[in-house]
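Note sheet for the following structure.
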Amino acid sequence: MWSAPSGCVVARALVLAVLWLTVAGSPLARRPLALSDQGPHLHYGWGQPIRLRHLYAAGPYGLSNNCFLRIHSDGTVGCEENQSEHSLLEIRAVALKTVAIKDINSVRYLCMSADGKMQGLAHYSEEDCAFKEEINYGYNVYSSPKHRLPVALSGAKAKQQVLNKGTVQPSYFLPMLPKTSEGTRDQLESDVFPLPLETDSMDPFRMVSEAELVKSPSFQK
């Protein structure tokens, strides 16, 4: 014969019901469980307000520079052949698609004079030290909104072309993450530019050889 539930069981059921309603109505429970996909731009640092990078000068129109942008303590802007602490830069977002570039070692900002000459200043100027950042041919290109000229690390030959044609060829930069140890230019180029395809091989993209390196844990027993 069916018997009525005891008072202890009823009280326990009421307590569980109250707890469930409390948790279900809390703001935490209303939050989505799945995290939003932030996209690859944040993975590569494009969404960060401050980035520490080395800017490797190269580009599709000739690799005559092949060096890292460096701002010296005397204000001159030049190139460093190898990636080191002397070429480490702070790239800070100051406006939409606009950044300020500061050398960490010399504590000087990359700036542009009225005649388009690159120089390093100790104090930031919104007019002369802010550069529009764009992606062109897979490279970073910087230009001055005020002077309407691109950032260019030009050699003597390139400067002569500028005088003859009246145009400034921009420098194309590859942003590089800081390294724990110094790397030579040859090591950097081997990392940036992939090896040529083996057209006479059954595995031209070397996918099988790389896959062989990944083994199941069961094979390690």
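Just so you know, glycine gets a Cβ as well, placed from its N, Cα and C.
Summarising the environment of C79 (disulfide bond), the number of other Cβ atoms within 10 Å of its Cβ, over all protein chains shown, is 16. Residues or ranges marked as disulfide bond in TrEMBL: C67-C79 (among others).
Look at C111 (disulfide bond): DSSP puts it in a strand. Among the features that TrEMBL reports, disulfide bond is placed at C111-C129 (among others).
Taken from TrEMBL, the feature signal peptide covers 1-25.
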Exercise. Given the disulfide-bonded residues C67, C111, which one is most crowded in terms of C-beta atoms within 10 angstroms?
Worked result: C111
